[in-house]
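Take a look at the structure set out below.
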Amino acid sequence: MLSRKGIIPEEYVLTRLAEDPAEPRYRARERRARFVSKNGNCNVAHKNIREQGRFLQDVFTTLVDLKWPHTLLIFTMSFLCSWLLFAMAWWLIAFAHGDLAPGEGTAVPCVTSIHSFSSAFLFSIEVQVTIGFGGRMVTEECPLAILILIVQNIVGLMINAIMLGCIFMKTAQAHRRAETLIFSKHAVIAVRHGRLCFMLRVGDLRKSMIISATIHMQVVRKTTSPEGEVVPLHQVDIPMENGVGGNSIFLVAPLIIYHVIDANSPLYDLAPNDLHHHQDLEIIVILEGVVETTGITTQARTSYLADEILWGQRFVPIVTEEDGRYSVDYSKFGNTIKVPTPLCTARQLDEDRTLLDALTLASARGPLRKRSVAVAKGKPKFSISPDSLS
């Protein structure tokens, strides 16, 4: 971790780089298991899979998915088993031809200088790894020995090809590039362009870009259908927007991606008080694109629980112009400031736009004194303090 090595300050809070799980303020309350963790791993365990043979039908992917110790063990055993198998074949050929019998020095052997199983094993290694020390060689006396030589070379090439392919795929996996794609640790809800918006910040630490980057967001919650069917992981796609519109983003600098909470949004009836009691709400964000240097498609994921959404706050600017170029201060990547925001749902704000008008008027007057604005009976209330008018 970069933060542990002192490269990044401790206050630099990033979901994929540094996270303090002992911080009680951001710890999720007792609730159902998280579907996607902050680092993007899916918290799903597959049990009682009866058709285990399906994994053997795709051996290459199975080897790539294995952990490094298991993969190296399999490769080592593959080489040893192949060397021992062909060593036995060379020893049997020598034994059948009579090359192992003492005192038979005049006859031409199938393989020179093979006198025991140890010498046959050494010759098997020389053939498969093409070392060729020169002490042993195949003669034209036995056609079967020539055939075994061809077969062993082909088997050795196949093992080498599989080994090199697996090592390359394991070292160049897409999730390695996703380690430098970062999300803000918290999301915020505030007013933007006269509408309540769900906002988060995303950035890329590398100079090599992500081509054709797209971002998607889903709300995962437990629901019950009108027929009484319980859906534990009901996923609803919601649109995300950026400064240029659409899902495609140009991730050359950190961007604030936002979702307008309108009548079609599953967050339309979400109120500030629900962020402390809505335990089944989880918002998943998925960033996908093509790595510029390798051409491999990568995907970075994170999620936000209800208590990780800050109401009435906004991300601070981190991009400035210095010496004719733009500079990004990543130490403020997750920092937020309080802004005047109605303490009501988006539905209530659409039904009574005077809430937003009163908020705009109070903000225009400046922080002269602490103001409290109350709406008519039966309507929600919001308060404005001097430290929030920034």
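Every residue gets a Cβ built from N, Cα and C, even glycine.
Taken from TrEMBL, the feature domain 'Potassium channel inwardly rectifying transmembrane' covers 36-173.
What TrEMBL lists as transmembrane segment is 72-93 (among others).
The annotation transmembrane segment is assigned in TrEMBL to 144-168 (among others). When Cβ-Cβ distances below 8 Å are used as the criterion, the transmembrane segment (144-168) is approached by residues 60, 63-64, 71, 75, 78-79, 82, 86, 89-90, 93, 110-111, 124, 127-130, 138 of the same chain, each at least six residues removed from its ends.
Annotation source TrEMBL lists domain 'Inward rectifier potassium channel C-terminal' at 181-352. A mean pLDDT of 85 is what the model gives for the domain 'Inward rectifier potassium channel C-terminal' (181-352).
Same-chain residues lying 6+ beyond the ends of the transmembrane segment (72-93) with a Cβ under 8 Å from its Cβ atoms: 63, 66, 100, 110-111, 114, 116-117, 120-121, 123-125, 127-128, 142, 144-145, 148, 152, 155-156, 159, 163, 166. The DSSP breakdown of the domain 'Potassium channel inwardly rectifying transmembrane' (36-173), given as helix, strand and coil counts, is 82 helix, 4 strand, 52 coil.
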